Structures are given as C-alpha cells and as structure tokens.
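As written in Swiss-Prot, here are the features:
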type     : residues : note
CARBOHYD : 495      : N-linked glycosylation site
MOD_RES  : 1        : N-acetylmethionine
TRANSMEM : 87-107   : transmembrane segment
TRANSMEM : 154-174  : transmembrane segment
TRANSMEM : 206-226  : transmembrane segment
TRANSMEM : 231-251  : transmembrane segment
TRANSMEM : 273-293  : transmembrane segment
TRANSMEM : 309-329  : transmembrane segment
TRANSMEM : 358-378  : transmembrane segment
TRANSMEM : 389-409  : transmembrane segment
TRANSMEM : 414-434  : transmembrane segment
TRANSMEM : 456-476  : transmembrane segment
C-alpha cells in the first residue's frame with residue numbers, strides 16, 4: 001500500500017512542478033563558461049532537457065488553456081475601461097479586437113518560426129531571443145548574419161524592460177488600491193466619531209501615495225527571495241482564485257449600475273489614441289508564455305487550437321469589461337476600474353484587497369524574467385561563498401528600481417501606457433513579423449507575406465513612437481484634473497483623498 005502511494009505522490013509533485021514551470025517566461029540558457037554555441041549544439045542544455053517531456057509528463061489541453069489565461073489576465077485588464085475612454089465607445093472596442101487578432105497572429109508566427117529553426121539547427125527548443133538570433137543567422141543578408149548575437153541581446157533587453165515595467169505597474173496598483181481601502185476604513189471611523197461627537201469633528205487626513213509604495217518595498221523584497229517558482233504554487237493558486245472572484249464581483253456591479261450610454265463619444269480625440277494603444281498592447285503582451293506552453297504540451301499539434309480558444313476568451317473578457325466599465329463610469333473611469341468601486345461597501349472594498357493579493361503574488365512571477373537574465377551573468381564572476389549574498393543584493397536592487405520607477409511616475413494609467421508603447425509593442429508586434437521575414441526569406445518567398453508582416457511591424461513602430469511621445473508629454477505636462485472645490489492645477493496632488501490625482 002505504501003509502495004503504491006509513493007509513485008502517486010511523486011506524480012502529484014511532478015504535476016505541481018510542471019504547473020509552476022510553465023509560468024516561467026522565455027528565458028534562454030546562456031553560456032557563462034566561455035564556450036561557444038557551436039560547442040554546445042550537440043548537447044542538450046538543462047533548459048532543453050526540461051522540455052523533453054513524454055506524453056505522461058506533459059501538460060494537458062485544459063492546463064494549457066488555464067496557463068494562457070493566467071499569463072494574460074492582470075492589471076492590464078482593469079485598465080482597459082480607461083483605454084476605451086481614450087479611443088471612444090465605438091472605436092475603442094473595434095480597435096481592441098483588431099489588436100487582439102494581430103497579437104494572436106504574432107504568437108502563431110513566433111511558434112511557427114521556432115519550429116522551423118529548431119529543425120534547421122537541431123535544437124529541441126528555442127527561447128524568444130534565440131529564435132530572433134537564429135532567424136538573423138538564416139537571413140540572406142550578411143550584415144544581419146554577423147550581428148546575430150546582437151539580436152539576442154536586444155530581445156533580452158526588451159524582456160527585462162517589459163517585465164520590470166510590469167513590476168512597477170504592480171507597485172502603483174497595490175499602492176492605489178490599498179490606499180483607497182485604508183482611507184475608506186478611516187472615513188467610516190470618522191463618520192462614526194462625528195455622529196457620536198458632533199461638536200468635535202475629526203479632520204480627514206490622507207497619506208501620500210508614495211508612502212504606501214515604500215511600505216510595500218520590504219515585503220516585495222522578501223517575496224522575490226523565493227527563487228523557485230514551484231515554492232509559490234499554493235500562493236499562486238490562491239492568487240488566481242482571488243482574482244477570479246474579484247472579476248465576478250466587478251462584472252455584476254457594472255452590469256447592475258449601467259447608466260444611459262448615449263452621450264458617450266463614438267471617437268475620442270486623436271491625441272489620446274496612442275494612450276489607448278499602449279494600454280491595449282500592454283494587456284495583450286502575453287507572448288512570453290507561448291513557447292514554454294507549446295513545448296510542454298502533451299499534444300503540441302493541438303497548441304494552435306488551444307491558443308485560439310484561450311486568446312479568444314481573453315479577448316472577449318477584455319472587450320466586455322472594457323466597454324461595460326466605461327459605459328458604467330463614463331468620464332470618471334480611473335486607471336484601474338477597482339478604484340471606481342464604492343468605498344462605503346465592504347464587498348467592493350474586498351475586491352481591491354483580493355485583487356491586490358493576486359497582483360502581489362504575481363509580482364514574483366513577472367520578476368523571474370529579469371532575474372534569470374541578469375543575475376547568472378553577474379554571480380558567475382563571484383566566488384561560490386559570495387554568490388548567494390550577491391544574488392540577494394541584486395534582487396533587492398532590481399525591486400528597488402521598480403519601486404523608484406513607480407514613485408517617479410505614480411500614475412497607473414500612464415505607467416501602463418508607457419510600458420505598453422515602449423517594450424510590449426516591440427516584443428508583441430514589431431519583432432515577430434520581422435522574424436518571419438528573416439526565417440522564411442530563403443525558403444518560400446511570398447510578396448504577400450512580406451507586405452503583411454511589414455504592415456504589422458509598421459503599426460507597432462508607429463504605436464511605439466506616438467505612444468512613447470504622448471505618454472512622456474503627459475508625464476511632463478499632465479492634463480489638469482478639475483476637482484470640485486479646488487482650483488485647476490497642472491501639478492499632481494498625490495495627497496488627494498478622492499484619489500483623482502495620478503489617475504485619469
């Protein structure tokens with residue numbers, strides 16, 4: 001009986017480890033021992049061995065769907081109602097569907113190119129940066145072939161920027177929501193105090209938003225000291241449940257409190273559209289989980305079907321919540337729809353707590369990418385006894401950088417748009433079509449494929465340039481927000497109890 005239980009327990013442990021491993025983004029195994037890639041070509045690297053799974057060890061179709069949903073649903077979803085405001089009630093949803101279709105198509109492109117290059121270079125799997133590097137090697141242009149290693153570095157750079165940007169967004173999100181919950185609790189105490197002692201009313205006070213960010217800093221540092229994602233399995237499961245419950249409560253609120261939407265603008269001003277683009281691309285930037293999931297799927301031939309179904313669900317969720325959220329709150333919509341929920345009802349206050357818990361746990365998962373790209377190259381230069389101390393120091397430093405970024409730009413909507421325009425557009429829209437051109441230019445040249453890919457990449461480049469320009473301009477010269485009873489000011493008032501500062 002005991003012998004029979006042991007394999008079952010081992011199998012359960014293996015499945016748990018797989019569930020966490022597929023959440024690892026596309027990290028490429030790098031050689032820090034001075035050997036070349038050619039010397040390693042016939043050897044399976046540790047990461048490659050990890051992906052050589054038989055049918056019993058791989059993940060199922062349903063598990064693949066679940067991981068696709070986990071990899072795409074986060075703070076970007078809650079910021080989409082404001083994105084619809086920046087585009088218009090008609091143009092916004094149409095554009096959101098369009099960007100979703102292009103993003104999914106680029107995911108398919110990346111998978112197809114990875115398969116071709118794996119066969120060409122006899123590799124079991126390839127990460128994102130290696131796919132770009134090998135695509136440059138097989139291109140017909142010698143100048144790109146000589147700079148193939150440069151392509152790998154560019155992708156790694158944007159992966160680091162993107163993921164650290166996500167982490168900065170998470171810190172702003174945590175601070176905004178916890179601040180609102182805390183102030184709602186204090187206001188309820190003030191109301192009770194005033195009702196019992198009307199002759200001595202209590203003064204409303206508000207703590208600076210950046211103080212909340214600093215309060216989260218030590219807890220986040222301790223969280224990222226957990227180096228193995230499998231050790232976060234329980235927390236990750238609870239985070240997924242809490243975020244799912246929060247979304248259900250948000251949906252029922254916006255559906256039950258829908259005012260007349262006829263006065264909403266069909267199309268917003270052109271200057272706000274780049275902000276919409278950045279937020280939308282930020283939300284759809286789940287390309288980092290595509291190849292790991294495909295590599296670990298039992299029936300990898302069914303992955304395109306899983307990708308279409310999963311991203312179809314994600315797109316439907318995005319469009320419905322974004323549209324309903326904007327229709328519900330109109331121009332009062334904020335950087336996260338959770339901030340528009342009533343502060344005097346604890347059911348909706350609990351939504352902010354539950355979703356904040358989910359985002360807090362997700363921080364460590366997103367942080368895994370820059371940590372695995374940056375840390376090995378630095379710690380390899382230290383003696384063994386100093387490596388762990390050095391690693392913890394680097395982790396603390398990187399977390400502090402994300403916190404500093406959040407403090408410098410404490411506006412959730414602007415941070416999301418900036419990260420989406422700068423790095424997410426590069427990884428999700430610009431690089432995949434260019435990689436397809438390079439990969440198949442010698443095999444089956446097709447002028448329509450080239451035109452299609454150039455159009456997608458051009459869209460990404462335009463969004464990158466305009467989105468970056470508009471968000472930087474908004475950071476330097478923020479649009480004034482008029483609050484009842486206060487004069488119009490071009491400066492942000494982070495101490496505003498109404499939380500209108502830092503949010504549009």
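Each Cβ is built from the backbone N, Cα and C atoms, and glycine gets one as well.
Taking every recorded stretch in 273-293, 309-329, 358-378, 456-476 and counting its Cβ pairs under 8 Å to the transmembrane segment (231-251), the highest total belongs to 358-378. Note: the stretches the transmembrane segment (358-378) and the transmembrane segment (154-174) are in contact (3+ CB pairs below 8 A, sequence gap of 6 or more). Here the transmembrane segment (87-107) has Cβ contacts under 8 Å with residues 80, 261, 264-268, 272-273, 276-277, 280-281, 284-287, 290, 307-308, 311, 314-315, 318-319, 322-323, 326-327, 428-429, 432-433, 456, 459 of the same chain, all six or more residues outside its ends. The transmembrane segment (273-293) shares the most Cβ pairs under 8 Å with 414-434, out of the stretches 154-174, 309-329, 389-409, 414-434, 456-476. Counted over residue pairs separated by six or more positions, the transmembrane segment (154-174) shares fewer than 3 Cβ pairs under 8 angstroms with the transmembrane segment (309-329), which leaves the two as not touching. By the count of Cβ pairs under 8 Å, the stretch nearest in packing to the transmembrane segment (456-476) among 206-226, 309-329, 389-409, 414-434 is 414-434.
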